[in-house]
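Here the structure is laid out as structure tokens; the discussion comes afterwards.
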Ligand SMILES: Nc1nc2c(ncn2[C@@H]2O[C@H](COP(=O)(O)OP(=O)(O)OP(=O)(O)O)[C@@H](O)[C@H]2O)c(=O)[nH]1
Ligand SMILES: [Zn+2]
């Protein structure tokens, strides 16, 4: 279990400040566990795009739209440090190169495991896919539910947030964007 001792110490202080007894049985290892969990949930800060992609970029004549849909996503909002979770859909129009299929969810995870707002996450994923594939266009849509809006605050259980980022042909050509959004709707369960 990898964790940062400073973070462990701060969690101990938080438990005390909340009026808990950090020495009681159930809590004794909690600062350590929480620090390790937080380290994992923010591990995207220490990852590099080139390591994630690992040269899995292949030359290809294929120039039709590629979509990877329903990538499950778990992140933390930077305002409350509470989870937001949902699905991410990524599409691109290859320009001589395609990317290894698994690398797209890996890119999503790398950015999701940082603190941010959903809009920034959507943008970061789109820019990264554009950068590594040199695609003619990239489209990213994220649908997710924010615990900070459900468990606390305004306490709305049924609303979800949708964000999109369209680059290149997805931004300039309404037919390309329409094809992407139509294909997403077709596949809705
Ligand atoms: N745009 C955007 N807002 C977010 C995201 N995650 C959380 N928020 C919002 O960030 C805002 C922070 O507002 P504040 O008024 O500073 O904080 P707050 O008093 O805790 O707000 P409430 O959640 O309304 O109780 C809230 O409206 C949250 O719903 C996100 O990914 N994108
Ligand atoms: Zn929040």
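Glycine too: its Cβ is placed from the backbone N, Cα and C atoms.
Straight from TrEMBL, the features:
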- 8-184: domain 'GTP cyclohydrolase I' (DOMAIN)
- 77, 80, 148: Zn(2+) binding site (BINDING)
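Annotated features taken from TrEMBL, shown on the structure.
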residue: 77; record: Zn(2+) binding site; Cβ within 10 Å: 19
residue: 80; record: Zn(2+) binding site; Cβ within 10 Å: 15
residue: 148; record: Zn(2+) binding site; Cβ within 10 Å: 16
Mean per-residue pLDDT computed across the domain 'GTP cyclohydrolase I' (8-184): 97
Residue 77 (Zn(2+) binding site): secondary structure state under DSSP, collapsed to three categories: strand
Output field, Zn(2+) shell: CB within 8 Å of site CB centroid, site 77, 80, 148 dropped: 76, 78, 79, 81, 82, 84, 146, 147, 149
